[in-house]
Amino acid sequence: MVAQLFSLSSLFVMPFWFLMVVLPFWKWTQRIIQSPWIILGPALIYAIVLLPIFATVWADVSNPTLPGVIELIGNESGATLSWVHFLAFDLFVARWIYLDSRERNIFALIISPILVSVLMVGPVGFLIYMVVRTIHGLVRSPNLTTIAQPVTK
């Protein structure tokens, strides 16, 4: 069952990635991506995989050691749990980048490859976006104190 959940987890997130990367201006993309519930699929799979091994996971994450983490992810359930964790949080970060970049009017052809980098190498993609966001703010704003501030409505 865990192997099927591993495969299913990618299927849950790929439609949202497709919308953000390939159809960023489609009228339904922003409406769909605005919902934090797009993380529901991987979150449910995570919970299903986690419940039977909760005690082991809790012991390893509450007092993490490298050997403990290696042991945790060195089996089917642990690897699936880790993979689904990556998928859920990468999607959450990509969702934020997509929405933030739309509010800031950052060109979609710049954002799409950044979103792909978030999917493939999450934290590096996030760093790339933060650099682009900062440069965009410098170019667009004479007031340098607003660059790192969140956009307020």
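Cβ from N, Cα, C; glycine included.
Computed from a predicted structure; not experimentally measured.
Marked as transmembrane segment by TrEMBL: 6-26, 38-59, 79-99, 106-132.
Between the transmembrane segment (6-26) and the listed ranges 38-59, 79-99, 106-132, the one holding the most Cβ pairs under 8 Å is 79-99. For the transmembrane segment (106-132), the list of distant contacts is 17, 20-22, 24-25, 86, 89-90, 93-94, 97-98: same-chain residues at least six beyond its ends, Cβ to Cβ under 8 Å.
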